[in-house]
Amino acid sequence: MVQYNFKKITVVPNGKEFIDIILSRTQRQTPTVVHKGYSISRLRQFYMRKVKYTQQNFHEKLSTIIEEFPRLDDIHPFYGDLLHVLYNKDHYKLALGQINTARNLISKIAKDYVKLLKYGDSLYRCKSLKVAALGRMCTVIKRIAPSLAYLEQIRQHMARLPSIDPNTRTILICGYPNVGKSSFINKITRADVDVQPYAFTTKSLFVGHTDYKYLRYQVIDTPGILDRPFEDRNIIEMCSITALAHLRAAVLFFLDISGSCGYSIAAQAALFHGIKSLFMNKPLIIVCNKTDLQPLEGISEEDMKLVMEMKAEAMKTVIGQGGDPLNDEGVLLTMSTLTEEGVVSVKNAACERLLDQRVELKMKSKKMNDCLNRFHVAVPKPRDQKERPPCIPQAVLEGMAKQQAAEKEKRKLERDLEEENGGAGVYSASLKKHYILNNDEWKEDIMPEILDGHNVYDFIDPDVLQRLEELEREEGLRAEEEDDDFEMDGKELTPEEQEALAEIRKKKSLLIQQHRIRKSTAESRPTVPRKFDKEKKFTSERMGRQLSALGLDPTLAINRARSKSRGRKRERSLGRGGNDGDDVMDMDVDQPNKKLRARSRSLSRSRSMSRPPGEVVAGEGFKDSAQKVRALKLAKKSVKKRNKDARRGEADRVIPTLKPKHLFSGKRSIGKTSRR
């Protein structure tokens, strides 16, 4: 039995990768060091070896590609035609022919340049010949790069083809698209073919396997075929035609009698008569599918006549195999893949007819005569007229009777109950039916929920939902009344009430503003840039007037605003200068003279005074200056060792080179070693 495993074909590299692989191997596997002082014979041998080795590698790689790809003339006609349908055998043979030509060209190039290298008279001449030889070989590979890419695509596609054995027991399913072929193969095998409610869901051949009478059968699901001329059929349909033409199989022609596939019975009958020449010498069964939607007896007379004509054609295959022309059992079958009615009978009928045909063919072959000569079947003959019935011991008969009685009284398992009541996911097993109670009617009673010693059900009001609805309705009415009361217009109020309402609203808005002012920090408050304050609205004088009107002292606020405007983040120290800076502090922020502003800034800088290190600032957490000085000393002492070791911080765990080699290696010259 020939097995075709296209998954074992070696990957075909593209042109650039091919060259890189071979040249890299040449560089690694041959000597690389040569000197001009070598004798000329040694130089010639060095470069001749490189040229020969490169040619051998190219030859091996290309030969592997040619040998591993199947030859269409040598393989089974089914695979030959299938590859022709998928890839066009002319292009396929042309690509392999170009690979073979390249292999011969590379061999010829190597032979010519080895001959020239024998007469090389210098290192330069030999090297130039080697470069030229390898360059020409690589050029040949570059020219066949499209063929290599094409063969790699074919290899990838062939690796995805199903593994079909053309000689084993095969059941072939064919028919129009969307008639239930894939659903049938999913039911009788473990194949998982995609099933969708539209045509041409299956676009290639799918294979599943099933068992019948301890024999393995392969089931092939073919794509749908349309009733049109042979030349107009596409690649998907041609896959089905190829399988029908070349595989010795039992053919199941599926017929959708409900018409839900989108094609009438007349169109399906026309397809049947169009391809009936492919059914010759094969067991043929007409399968009427989707009987759950339309029974066979309910179709019209014209459709029934077409079905009977198809049945008559199928009977011809039975007669051709030497069958009984009056026995039409197993020729026209009905089935529904949705309800699984008739699925097993269709499978059994197809397997039985295929098995009968294969046995008959083997009986007619010449090998059978050779086998029969080796067998002798002994048939016993009666020696007298005495009856000798089969003797079965009494103990065995009693055991068989007990076994039959036990089977009748067999207890129903949960699995049996599950299958009777809808299967897994529908049936839910009862855990209470095995409770041992005085009364079996109590088993399915609802168990009371006890909380704090009380039965929860005693506190449940049966009318709670009705009362809840009444409460919600009442609450909605009250909310509507409150909304009506709350929406106040000025029209219904007296003048005094309107004034009071205006005062309340005003006070409310003021409270909101004050809350927003308190909420925002000083940094987040917007400052108006000077270039936008062209009308001089935001001045310190105006701020002073407003603060005075509120009864506040504006002096500190004005001084702070002026210090901010001078761009100093730190406060001015008043210790050293006394009151020398008063004339500067009195100047307004808005003074236009730049020189005055610059002078005031320089004076304030000169009078600034830094804080001594021991001075305690509020919030630092020290009791007095002595404690702060002591803490600073301890901190300085703790980092002394780290600084000495040139550590970046506490986490720096680097281990330096204790004796750097450039300072401690080599002979010491005359003189001092301190510089080392």
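Backbone N, Cα and C define each Cβ position, glycine as well.
Heads up, TrEMBL stuff is auto-annotated, nobody curated it.
According to TrEMBL, the protein carries these features:
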COMPBIAS  530-544  compositional bias 'Basic and acidic residues'
COMPBIAS  561-571  compositional bias 'Basic residues'
COMPBIAS  580-589  compositional bias 'Acidic residues'
COMPBIAS  594-604  compositional bias 'Basic residues'
COMPBIAS  630-645  compositional bias 'Basic residues'
COMPBIAS  659-676  compositional bias 'Basic residues'
DOMAIN    169-355  domain 'OBG-type G'
REGION    515-676  region 'Disordered'
(message) Which sequence-distant residues neighbour the compositional bias 'Basic residues' (630-645)? Criterion: at least 6 residues beyond either end, Cβ under 8 Å.
(response) 613, 622, 652
(request) Averaged across the domain 'OBG-type G' (169-355), what pLDDT does the model get? Just tell me the whole number, please. (result) 83
(message) Could you give me three numbers for the compositional bias 'Basic residues' (630-645), the DSSP helix, strand and coil residue counts?
(response) 14 helix, 0 strand, 2 coil
